[in-house]
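Down below is the structure, laid out as structure tokens.
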Amino acid sequence: MKKISNNIFLMMLIFGTLVTISSNSWLGAWMGLEINLLSFIPLMNDNKKNLLTSESSLKYFLTQAFASSILLFAIIMLMFFYNNNMNLYNSFNELLILSTLLLKSGAAPFHFWFPEVMEGLSWINGLILMTWQKIAPLMLISYNFIYKFFMITIILSMLIGSLGGLNQTSIRKLMAFSSINHLGWMLLAMMNNEMLWMIYFLLYSLLSFSIVLMFNNFKLFYFNQIFNMSMMNPIMKLFIFLNLLSLGGLPPFLGFLPKWLVIQNLVTMNQLFILTISVCLTLITLYFYLRLSYSIFMLNYQKNSWLLKNNFNNKLSFTSLIFNFISISGLVMMSMIYVVM
């Protein structure tokens with residue numbers, strides 16, 4: 001019965017996002033966001049054993065409800081000013097709508113709820129929050145942006161996403177700050193090209209799916225769990241290591257491709273200042289991925305030669321293996337296809 005209800009809520013979650021994307025009015029988009037929110041709350045409370053889930057779902061509900069109420073207020077004001085032929089809606093209302101949508105997506109400086117909510121979720125719910133839940137707000141942001149405010153948000157998202165992950169011991173919080181950093185890149189891609197941020201989002205979702213499947217498979221939530229896994233197959237550790245580097249955007253992995261496209265676009269548009277800041281701040285995220293990856297291999301690594309049998313789940317599912325292969329060798333394969341064509 002529980003599985004059926006979860007499937008219904010998941011369908012409603014997808015439906016809410018599709019309503020928002022396909023809506024031709026702000027009110028319709030707001031309704032889609034509300035359907036999406038009310039469908040995700042029961043999915044968040046799926047695991048009754050974890051006490052943090054109810055806390056996370058409450059935090060998520062309060063922030064999203066607060067953002068929704070301000071968004072509705074801004075929409076009503078927009079309609080009022082438009083019907084009375086007043087020009088005030090151009091500046092203040094756009095800023096208000098943009099701020100609420102950034103709060104909903106978890107971009108800096110409205111990011112405070114995001115790592116805290118991620119900490120209390122299971123890996124699958126965390127994946128939904130990092131990927132699917134960002135589609136509707138990002139799509140609405142692309143309709144309505146203010147250049148100066150966008151620049152501040154992009155730099156802050158990259159800065160907080162980079163520095164916030166340095167002092168973490170929780171993998172879920174690390175992934176949350178990584179998501180904030182990637183969100184900065186998506187907004188940067190959105191500034192010049194409508195299609196570019198969608199490509200970035202799709203590739204980021206694929207990479208996140210690949211690494212979250214591994215963390216979920218091995219039930220990893222904190223760094224010390226990875227360090228103490230002496231019975232873990234070194235090949236599995238290598239997969240985690242390479243996936244982290246791919247998510248960080250290191251060539252020659254697939255994670256470098258979306259950043260490469262954005263960099264190329266910024267060079268073409270001659271926006272070298274924001275490009276330099278973005279690349280420098282992303283190097284910090286790559287640093288903490290490298291720090292974690294080196295620690296996995298070098299620190300506290302022991303292997304029991306006398307232990308012939310262990311009950312540890314050392315195998316990956318076929319789906320996980322395919323996504324790992326795409327994440328690690330995707331860019332090389334695409335380059336080869338491009339050269340052949």
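Glycine residues also receive a Cβ, built from the backbone N, Cα and C atoms like all the rest.
Note: TrEMBL annotation is automatic and uncurated.
These come from TrEMBL:
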TRANSMEM  12-41  transmembrane segment
DOMAIN    23-285  domain 'NADH:quinone oxidoreductase/Mrp antiporter transmembrane'
TRANSMEM  61-83  transmembrane segment
TRANSMEM  95-114  transmembrane segment
TRANSMEM  145-167  transmembrane segment
TRANSMEM  174-191  transmembrane segment
TRANSMEM  197-218  transmembrane segment
TRANSMEM  238-257  transmembrane segment
TRANSMEM  269-290  transmembrane segment
DOMAIN    286-338  domain 'NADH dehydrogenase subunit 2 C-terminal'
TRANSMEM  316-340  transmembrane segment
Requested in this report: Decide whether the stretches the transmembrane segment (95-114) and the transmembrane segment (174-191) have at least 3 CB pairs under 8 angstroms, with pairs required to be 6 or more apart in sequence.
Outcome: yes
Query - Positions whose Cβ lies under 8 angstroms from the transmembrane segment (145-167), at least six residues beyond its ends - result: 94-95, 98, 102, 107-109, 111, 115, 173-174, 177-185, 187-188, 190-191, 274, 277-278, 281-282, 284-285, 287-288
Report task. Mind checking which residues of the chain, 6+ beyond the ends of the transmembrane segment (197-218), have their Cβ under 8 Å from one of its Cβ atoms? Result -> 122-124, 126-127, 130-131, 134-135, 138, 142, 171, 175, 179, 182, 185-187, 189-190, 229, 232, 236, 239-240, 243-244, 246-247, 254-255, 257-258, 261-262, 313, 316-317, 319-320, 323-324, 326-327
Query - Closest-packing stretch to the transmembrane segment (174-191), where packing means Cβ pairs under 8 Å, from 61-83, 238-257, 269-290 - result: 269-290
Query raised in the report: Cβ under 8 Å to the transmembrane segment (238-257), counting only same-chain residues 6 or more beyond its ends: which ones?
Result: 178, 203, 206-208, 210-211, 214, 226, 282, 285-286, 289-290, 292-293, 296-297, 316, 324, 326-332, 334
Report summary line: Model confidence for the domain 'NADH dehydrogenase subunit 2 C-terminal' (286-338), as mean pLDDT, reads 70
